[in-house]
Amino acid sequence: MRLPSASRQAIPLSRLALVTVLCISLLSLILSIAPLHSQHPGGRLHFPGQISDRHGLGPIEPDPHLLSDRAAIFAGAEADHRLALATARLRRRLMSAAAEAGALRVNAQTSQAAFSRLLAAARYPAVFRSAALSPPGPDTGADLNNATVRSMRRRVRAMLRSAWRAYWRYARGANELRPIGGAPAGPGAGDADLLGGAARLGASAIDSLDSLWMAGLTEEFSAAAEWTLNELSFDQDATVSVFEMNIRFLGGLLSAYFLTGDRRFVAKATGLASRLLPAFATPSGLPRSLVNLRTGAAADHPWAPFGCSVLAEAGSLQLEFSLLSELTGDRVYADAARRARHAIGMAPRPYGGLYPNFVHSGRPDKLAVQEASLGSLGDSFYEYLLKEWLRTNGTDTESCRLFLDAARAIEHGGLLRRSTGSGKFLYLAPLKDGRPVDNRMEHLACFAGGLFALAANATPSCAAGGRQLDSERTRRRWLSIGVELTRTCREAYRRSAVGLGPEAFEFDNNVEAVAIRPEDKTHMLRPETVESYFHLWRITGDQRYRDWAWETVEALERYSRIVSTGGFAILSDVYSARPPVGDLQPSYFLAETLKYLYLIFSDRDYFSSAQWVFNTEGHPLPVRQT
């Protein structure tokens with residue numbers, strides 16, 4: 001089809017418009033490039049990197065300086081880029097290596113923990129089998145053949161529940177209770193200054209764990225365990241006694257682990273023990289008495305001779321520290337306790353082989369003070385020599401040797417004395433400069449009756465200089481000593497007005513087993529006498545020990561119980577028919593006194609000595625089976 005004439009005339013105009021547009025676009029492009037160039041005076045375009053001839057006729061050669069700068073810039077940029085890439089690759093590799101190392105560390109720790117658990121299960125099979133069971137009920141371990149004894153046991157159980165609930169209601173998280181005021185015991189009260197002053201370490205909660213478990217107080221045990229595992233922190237600016245933290249806290253945590261199988265108790269114990277280790281940083285390895293839980297700063301007791309550690313404190317670590325090493329696979333704890341015991345073994349023993357009450361931490365081979373006792377400064381050292389030997393099922397032969405030597409020294413070194421009055425009581429008096437300080441026995445020394453009975457009943461034997469512990473003659477003699485010492489302590493209870501023993505009692509002229517000094521007339525709810533009742537009841541089956549224990553139960557209910565709070569208070573004068581009470585319920589009353597009373601009225605196989613050893617705070621630790 002042909003187009004109209006008007007259309008044929010419009011075609012050239014359209015082509016012209018198109019060409020015009022193209023020209024304008026090209027010019028715009030040239031102008032946009034122009035700033036990248038400079039105009040030469042001669043009218044020619046001059047590009048960077050070129051130099052003109054002297055006549056302005058055009059470029060002759062590139063500018064080497066400008067080219068060098070450009071090359072350097074590009075090279076630097078490329079180097080930076082390569083460095084960034086290499087750094088990123090290295091960072092990724094380091095992160096991967098760190099993650100791998102962390103995984104390996106976790107695997108190693110898991111493997112070590114698993115191995116430690118397997119080893120512990122192999123060493124303590126009966127204990128681990130029982131831990132898999134539910135907590136005992138109210139009648140677990142009861143004497144099923146004696147309804148009267150079961151009733152007595154339930155009464156002690158009710159006392160324990162009442163004392164615990166008073167603490168939990170009025171002093172939860174604090175160390176000890178003021179049962180009259182219904183408040184936490186503050187600094188200066190009882191053992192507060194050895195437990196961090198105002199620090200909230202929950203000594204009564206941890207000391208109660210195994211007692212509550214044994215008595216089948218499930219609800220109370222669960223509350224104490226939950227607080228211990230979830231709320232208690234040892235990261236506190238608190239200066240504490242290494243000894244008290246060991247026997248109360250480490251002992252309580254380890255016992256709770258073996259009763260429940262809950263590994264978190266071991267983790268808690270490990271964290272605490274690590275905070276105690278700075279106290280062992282002395283030339284001899286003897287720990288200093290006090291340590292700050294947060295800073296690790298260590299110090300001696302201000303009342304102790306300069307640079308000296310207390311025998312009973314430095315020598316009462318082996319049970320807990322050795323067991324913790326077995327559970328964790330870390331030898332640092334057992335080694336620390338063993339080094340301390342070795343240092344004590346270097347101390348001069350001038351009184352027939354008795355150890356001095358104070359040992360110099362810098363020079364343990366130097367006699368610091370010529371004092372010896374089985375009371376407050378020496379007691380548990382001798383106890384732990386025997387009990388570590390028993391706990392290891394006779395494998396710790398060094399403990400055996402040291403105990404044999406110490407027991408003979410106690411017998412023949414002057415500590416054992418007999419009163420000259422009509423009672424002819426056997427008692428323990430401290431020595432100084434080779435002579436008795438006075439004819440006075442501390443309540444703390446009343447544990448010795450049970451100690452000698454345990455030694456007489458010990459099944460393992462070991463050679464010590466060719467001598468054997470399992471000599472029948474030695475056994476009979478030691479059991480006789482245990483029986484007589486326990487009779488003496490019971491007599492101190494009987495001769496008071498309330499049926500509870502004083503803090504110390506004397507044997508002088510016509511006085512026998514009676515306190516003379518005002519400060520000795522107090523009753524501190526201590527466990528040592530009922531502890532000896534417990535061991536002698538278990539070993540001999542003699543009914544009188546149950547009878548004496550029941551007298552103690554009734555006296556505590558009548559004179560020490562505070563009706564308004566349900567707690568139990570110390571007494572200021574046991575020779576008063578209406579003794580004034582002191583506002584303190586010590587944590588050891590829950591850990592030891594009530595526990596031993598409860599076990600006395602239990603079946604004799606409940607927590608038997610074949611499977612358990614009680615530390616000096618009354619916490620049961622298992623006897624190794626292999």
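Cβ atoms here come from the backbone N, Cα and C positions, even for glycine.
Heads up, TrEMBL stuff is auto-annotated, nobody curated it.
Taken from TrEMBL, the feature active site, proton donor covers Glu244 (among others). Mapped onto three states, the DSSP output places Glu244 (active site, proton donor) in helix. Counting Cβ atoms from all protein chains shown, Glu244 (active site, proton donor) has 22 others lying within 10 Å of its own Cβ.
Per TrEMBL, the feature active site maps to Asp379 (among others). For Asp379 (active site), the same-chain residues that are 6 or more apart in sequence and have a Cβ closer than 8 Å to its Cβ are Ala312, Ser373, Leu444, Ala445, Phe447, Ala448, Thr616.
The active site, proton donor annotation in TrEMBL covers Glu503 (among others). Secondary structure from DSSP puts Glu503 (active site, proton donor) in coil. Around Glu503 (active site, proton donor), a 10 Å sphere centred on its CB holds 19 further CB atoms from the protein chains shown.
The active site annotation in TrEMBL covers Glu528 (among others). Counting only same-chain residues six or more apart in sequence, the Cβ atoms lying under 8 angstroms from the Cβ of Glu528 (active site) belong to His443, Leu444, Ala445, Cys446, Phe447, Cys489. Following the DSSP three-state reduction, the secondary structure of Glu528 (active site) is helix.
The Cβ of Thr616 (Ca(2+) binding site) has 26 other Cβ atoms within 10 Å, all protein chains considered. The Ca(2+) binding site feature in TrEMBL is assigned to Thr616.
What TrEMBL records for Cys446-Cys489 is disulfide bond. Secondary structure at Cys446 (disulfide bond), as computed by DSSP, is helix. Cβ neighbour count for Cys446 (disulfide bond) (all protein chains, 10 Å cutoff from its Cβ): 31.
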Pairwise Cα distance for Glu244 (active site, proton donor)/Glu503 (active site, proton donor) [Å, integer]: 20
Cβ packing number for Cys489 (disulfide bond), 10 Å threshold: 28
